[in-house]
Amino acid sequence: MKKILVLYYSMYGHIERMAEAVAEGARSVPGVEVTLKRVPETMPEEVARKAGAKLDQAAPPAEPKELADYDAILFGTPTRFGNMAGQMRNFLDQTGGLWVSGALVGKFASVFTSTGTGGGSETTITSFWHTLAHHGMVIVGLPYVLPELSDVSEPRGGSPYGAATIAGADGSRRPSEKELILASFQGAHVARLVVRMQ
């Protein structure tokens, strides 16, 4: 049984929902065991609460050393000025021991994101790739095999770099059905690749 981790940071719940869809997609592939975890919040609870953060997320927090236990990891983060959120960056910066030991070499990695109005989604995903490449991971995107990825009939996130959702300037927009389809497919796509490598 191949093991897949969906690891995310979500402040307002958009990436949490996308992560659930990614995990659902991965679970649809026989031969994989999927775990959903989040990176710890680095803001003091009072500050996060005042900012309107969603603090009641069901996924348990992960520890950096756990990454070595999985055959593939799908990372989810909101966009912060075209980069990953600081909480995710902080988590990844604690993986130096895994890098030294080569614990992540050859494992699959994929990234999904959210933005306010669409700007920065692709650079957020590619901002991950430097770290993943240094770890020797195999980077997986979102191929143009789904009609939803080419459908421009409504605003939506997502590109061949990875699934994405547009939250709106005030954060009120939730992931759309098409965005969730893309997220689910990304999870399934990674799972199929992992199973093939047996």
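FYI, residue positions are counted from 1 along the chain as it appears here.
Backbone N, Cα and C define each Cβ position, glycine as well.
Noted in Swiss-Prot for the protein shown:
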- 10-15, 79-81, 114-119, His134: FMN binding site (BINDING)
- Tyr12: NAD(+) binding site (BINDING)
- Trp99: substrate binding site (BINDING)
- 4-190: domain 'Flavodoxin-like' (DOMAIN)
At a 10 A cut-off on CB-CB distances, which of the binding-site residues Phe81, Trp99 has the highest count? Trp99
Just how many other Cβ atoms lie inside 10 Å of the Cβ on Thr117 (FMN binding site)? 13
Same chain, |i - j| six or more, Cβ under 8 Å of Thr79 (FMN binding site); the result in sequence order is Ala85, Thr113, Ser114, Thr115, Gly116, Gly119, Gly120, Ser121, Thr124
Neighbourhood of Ser10 (FMN binding site), C-beta criterion under 8 angstroms, separation at least six: Glu16, Arg17, Ala19, Arg38, Lys54, Gln57, Gly76, Pro78
His14 (FMN binding site), number of other Cβ atoms within 10 Å: 27
What is the interatomic distance between the Cα atoms of Thr117 (FMN binding site) and Trp99 (substrate binding site), given in whole Å? 35
Three states by DSSP: which one describes Ser10 (FMN binding site)? coil
Determine, from DSSP, whether the residue listed as 'substrate binding site' sits in helix, strand or coil. helix
Between C-alpha atoms, which of these binding-site residues comes nearest to Trp99 (substrate binding site): Tyr12, His14, Phe81? Phe81
If you run the three-state DSSP split on Thr117 (FMN binding site), which class comes out? coil
